[in-house]
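A.B. asks: Pulled these features from TrEMBL for this protein:
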type	residues	note
TRANSMEM	6-27	transmembrane segment
TRANSMEM	60-81	transmembrane segment
TRANSMEM	93-114	transmembrane segment
TRANSMEM	126-149	transmembrane segment
TRANSMEM	155-183	transmembrane segment
TRANSMEM	246-269	transmembrane segment
TRANSMEM	289-306	transmembrane segment
TRANSMEM	327-347	transmembrane segment
TRANSMEM	367-384	transmembrane segment
TRANSMEM	391-408	transmembrane segment
TRANSMEM	437-455	transmembrane segment
Amino acid sequence: MERAEAYGFSAAMSGSFLLSCLLFAAINRRQRGPYMDEAFHVPQAQAYCHGRFLQWDPMITTLPGLYLVSVGVVKPAAWLFGWTGSVVCSAGMLRFINLLFSAGNFYLLYLLLFKIHQKNKAVSGFQRVLSTLTLAMFPTLYFFTFLYYTDPGSVFFTLFAYLMCLYGNHKTSALLGFCGFMFRQTNIVWMVFCAGNVVAEKLNEAWKIQLQKKKDEKISSRKGSFSDVVRILQFLIEYLTSPKNLVAVIALTWPYIILVTMFFVFVFINGGIVVGDRSSHEACLHFPQLFYFLSFTVFFSFPHLLTPTKIRKFLLSLQKHPVQYSLIAVISLFLIWKFTYVHKYLLADNRHYTFYVWRKVFQRHELVKYLLVPVYMFAGWSFADTLRSKSIFWILMYFVCLLAATVPQKLLEFRYFILPFLIYRLNIPFPSLYRQLMELAFYIVVNAVSFYLFLNRTFQWPNSDDIQRFMW
């Protein structure tokens, strides 16, 4: 890191943390008691603070990683600073843990951007710092910095594991992945992603050697044609059925294999992936979740994905490949028809933005969900187009993990999109400075509106004196 970049990074991180502290204080003044899911998380953490480690709220569906880390931080701090009484594990003190995770995420995002794009000499230090600041302000994640939720810690350990994977420290990566799993069970998908990253590198090396032998460079340059797909599938089957190659892959990925094996043992003993209340978290094949994620990504990355150039390229692609796009449209319509699920929380809880998205868009008419297929197709094409710089094997591995992370979820919940979005955003080429500034300005505006609504536009339900607030 050059001196100017180091100063810029320090200024951005310090300024971001100071702003977050001021916002944290304002939120805690307005909402002193637990809110929403905090009503389960805060008492559980307080039970751990008092040494009652066998006490468990059956409504909690995640493992106790957040509470164990909280006790590990708060208890030594209380001893060091002489804190006593209810302040030790108050809601405000527990929320502060996520503020610390947020600072850690800022640093990890910078390191990941530096590592992933280190070969691109055209990227300036200012662009790296600016992109780091932008991703750290990503609205869906940034909002939960100020509440006692699992998201900031879950993102921290998963990004840390990904960073260690990129540096080849796979045992450390798997250990950090286990910590991420303790925050949220579905993070196991991103440990498979880390293992897939290693495998994708080996596959790409072998693929290049095969292309060189055949002297057929057209295969690598024309991604997407049917003949290329067949050749790649044949290559995958040949490579992964070779005992020599299989042993080499296992030797590289064994820490992740052990972690995934532990996960399956846990699922078998637990009788499912969810602990506690399973009635509201049933797994299903909810394929439209992928379409919702793509739309979510276009919305939050519109300076990169929703441009006149991309729209023109998409229309040209439609003209050149009408049969393929017609087939994709038919499959999409079928998936929406047969696999759309509406969770009871989505229809009943008017505190979440997803409630209003569903009511204002999807519930306007029965046909709306089908009429959005062209939007989904553009979103998917634009999304894939920005990943062209990655190898075909990396793209394949990422999409498999994306499907595994989104499709089984019955509830449309924007928080579930945080990690797949961040990993996608970290891996796309650096946009122009103008687009980066536009993205940052957009995130700041969205955050300002979100916090204004949360703090000032409160309401009450009939037959309840509790103050309700809008949130992601």
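Note that Cβ sites are derived from N, Cα and C of the backbone, with glycine treated the same way.
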A.B. asks: So if I exclude everything within five residues of the ends of the transmembrane segment (60-81), which remaining residues of that chain have a CB under 8 angstroms from its CBs? That is, six or more out.
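C.D. replies: Same-chain contacts beyond the flanks: 40-41, 44-45, 48-49, 88-89, 93-94, 97, 100, 148, 150, 153, 157, 179-185, 274-278, 281.
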A.B. asks: Select the range from 126-149, 155-183, 289-306, 367-384 that forms the most Cβ-Cβ pairs under 8 Å with the transmembrane segment (327-347).
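C.D. replies: Checked against 126-149, 155-183, 289-306, 367-384; highest Cβ contact count belongs to 367-384.
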A.B. asks: If contact means at least 3 Cβ pairs within less than 8 Å, sequence distance 6 or more, would you call the transmembrane segment (155-183) and the transmembrane segment (93-114) in contact?
C.D. replies: yes
A.B. asks: Can you name the far-off residues of the same chain, 6+ from the ends of the transmembrane segment (367-384), with a Cβ under 8 Å from a Cβ of it?
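C.D. replies: Same-chain residues near the transmembrane segment (367-384) but 6 or more away: 288, 291, 294-295, 297-298, 305-306, 310-311, 314, 317, 325, 328-329, 332-333, 336-337, 340, 361, 395, 424.
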A.B. asks: Give the one range among 6-27, 93-114, 126-149, 246-269, 289-306 whose Cβ atoms make the most pairs under 8 Å with those of the transmembrane segment (437-455).
C.D. replies: 126-149
A.B. asks: Using a Cβ-Cβ cut-off of under 8 Å, list the residues of the same chain that are 6+ residues beyond the ends of the transmembrane segment (6-27) and lie near it.
C.D. replies: 95-96, 99, 102-103, 106-107, 110, 125-126, 129-130, 132-133, 136-137, 145-146, 451, 454-455
